[in-house]
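Provided herewith is a single structure, encoded as structure tokens, for subsequent inquiry.
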Amino acid sequence: MAVLKEGSRPPWVGLAAAVWVQIAAGSAYTFPLYSPALKSVLGFSQQQLTIIGVANDIGENVGILPGIACNKFPPWVILLVGLCLSFFGYGVLWLAVSQTVLSLPYWVLWLALVVATNSSAWMGTAVLVTNMRNFPLSRGTVAGILKGYIGLSAAVFTEIFAMVLSDSTSDLLLFLTLGIPITCLAMMYFIRACAPASGEDSSEHVHFLFTQAASLLLAVYLLTTTILKTILSLNNSISYILVGVMVILLMSPLAIPLKMTIFPSRHKRPGKLDGSSNDLTEEEISSSQTASLLSSISSEADLGSFREGEDISEVDMLLAVGEGAVKKKRKPRRGEDFKFREAIIKADFWLLWLAYFFGVGSGVTVLNNLAQIGVALGVNDTTILLSLFSFCNFLGRLGAGVVSEHFVRSKTIPRTFWMMITQILMIITFLLYASALSGTLYAATALLGICFGVQFGVMIPTASELFGLKHFGIIFNFMQLGNPLGALLFSGLLAGYVYDTEAGKQQGSHCLGPNCFRLTFLVLAGVSAFGAFLSMILTIRIRPVYQMLYAAGSFRLAQASDH
């Protein structure tokens, strides 16, 4: 990084602040913690509960509005909207579960959960888009880190739920109502657009390694303390100390900007934009980079085979341009900035969307019903199951960024290759669930958590590489619609129906035994097989593009889309 000047705002400060916002944005993953209370206190059937779970997924993933807003407003405005939605949405749920207000209609609670979890879309969009633009040459790594922390959020909230809130559902909802807005208010000042460097820095690689190691340490710590809390009787003092250590680990990414302040770099990298990012608007940053970066890309001869819709000859076009008679307008090429309406008509767009839809739709079905799956298979305390899924979900998200970034640069293997591999593993996972063999529940949950996390860690950088960063907010949020649609189809309509049908045969409201979800798991295995097939097709289609864009270690793709 350049020497820090007074009033400068290096992107590492924003990344450290984004960690806390991502933890807050992961509140949607707490649904399994309070869903049993919704069922018991409010008297819901399992199908009603799964439909409420669909509301959870719709709110979390419908981010079209924040995707549009992130190109028109600064990040703090997006975060402000998110914290307001969180306050009002979780506030209504707390009023219902604590029975402060009695007999709230089902549709009011459904809408309240949509509003509450939609805060995640606003907060996640603000920090992800800002940091992807602040680190355009390391977008896979950044996406993996940020999505990794949001995957860890379930374990963070589980730790707080078990050790501070004494497993009180109403206290958890009150904590979400007040804690998320306070966190966003404290962090929004630090999440700003910065002028990114035009080249790589060796220290940047070390900083990312430190951040990844810190997040991995936090993940191991959370899993360990959750297991200790389950098997040992810890008094309040020890529990509070353990939570305090967790908070310190969450603050560890701040060590990077602190180190940069105490030991500033003595040399400025060539091509680094000077000045504080406080004095630069996002448009100024974008325009200053675009002129220098795109010029080298457009002159590359090997791009010719990827041009679309150019019927006029080069000679005629050059003559016309030279005479000032025409200004050439062409469709964007892969790796350049697509408008949303340009991206949505591309086959690559829909192949990526469908592959992601089948991957996350099947995974979120298990996540939404994880508590009921555990009880049906004889696990009374499902806290460890949720923490295990959260830990492995984190590993999948972080690992997808690290592994795909390595192979895309060294071997030009498209990131979607790893989406294909993990969806093949998901077939095995769902068959393990369906078999209900003794001792396979935890192994299947761990494997599914990893595979589920990889879908996020792959989709986000792939979308930015194929369609650019300028309109990345709306493009990736449209991609994320696959999550709630998958939840509606596979969880709300399939899993809930199968569970209630089997519970009816047992003449009770709760279902016990492997048949409660067996048919669901078999269907999800087939869904994953189709998703793997689509991922394979997409990988084959875009491999030549990656070979060109990342050829000989040149990061032309990152530069071409650096808006």
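Every residue gets a Cβ built from N, Cα and C, even glycine.
Model, not experiment: these values are computed from the prediction.
Features from TrEMBL:
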DOMAIN    11-258  domain 'Nodulin-like'
TRANSMEM  12-34  transmembrane segment
TRANSMEM  76-97  transmembrane segment
TRANSMEM  109-130  transmembrane segment
TRANSMEM  142-166  transmembrane segment
TRANSMEM  172-194  transmembrane segment
TRANSMEM  206-232  transmembrane segment
TRANSMEM  238-258  transmembrane segment
DOMAIN    345-546  domain 'NFD4 C-terminal'
TRANSMEM  349-367  transmembrane segment
TRANSMEM  373-396  transmembrane segment
TRANSMEM  417-435  transmembrane segment
TRANSMEM  472-499  transmembrane segment
TRANSMEM  519-540  transmembrane segment
Same chain only, please: residues at least 6 beyond the ends of the transmembrane segment (109-130) with a C-beta under 8 Å from a C-beta of the stretch. Say none if there are none.
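Answer is 14, 17-18, 21-22, 24-28, 38, 42, 51-52, 55-63, 65-67, 70, 75, 78-79, 81-86, 88-90, 92-93, 96, 143, 146-147, 150, 176, 180, 184, 191-193, 460, 472-473, 476-477, 480.
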Do the transmembrane segment (349-367) and the transmembrane segment (472-499) come together with 3 or more C-beta pairs under 8 Å, pairs six or more apart in sequence?
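By the criterion, they touch.
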Under an 8 Å Cβ to Cβ limit, what residues of the same chain, 6 or more beyond the ends of the transmembrane segment (142-166), are close to it?
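Residues 15, 18-19, 22-27, 29-30, 33, 120, 124, 127-128, 131-132, 135, 172, 175, 208, 211-212, 215, 218-219, 222-223, 225-226, 229, 234, 239-240, 242-243, 246, 250, 383, 386-387, 389-391, 393-402, 405, 453, 456-457, 460-461, 464.
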Check the transmembrane segment (373-396) against each of 76-97, 172-194, 206-232, 238-258 and return whichever range has the most CB pairs under 8 Å.
206-232
Based on Cβ pairs under 8 Å, which of the stretches 76-97, 172-194, 417-435 lies most in contact with the transmembrane segment (12-34)?
172-194
Limited to the domain 'Nodulin-like' (11-258), I'd like the whole-number average of pLDDT.
87
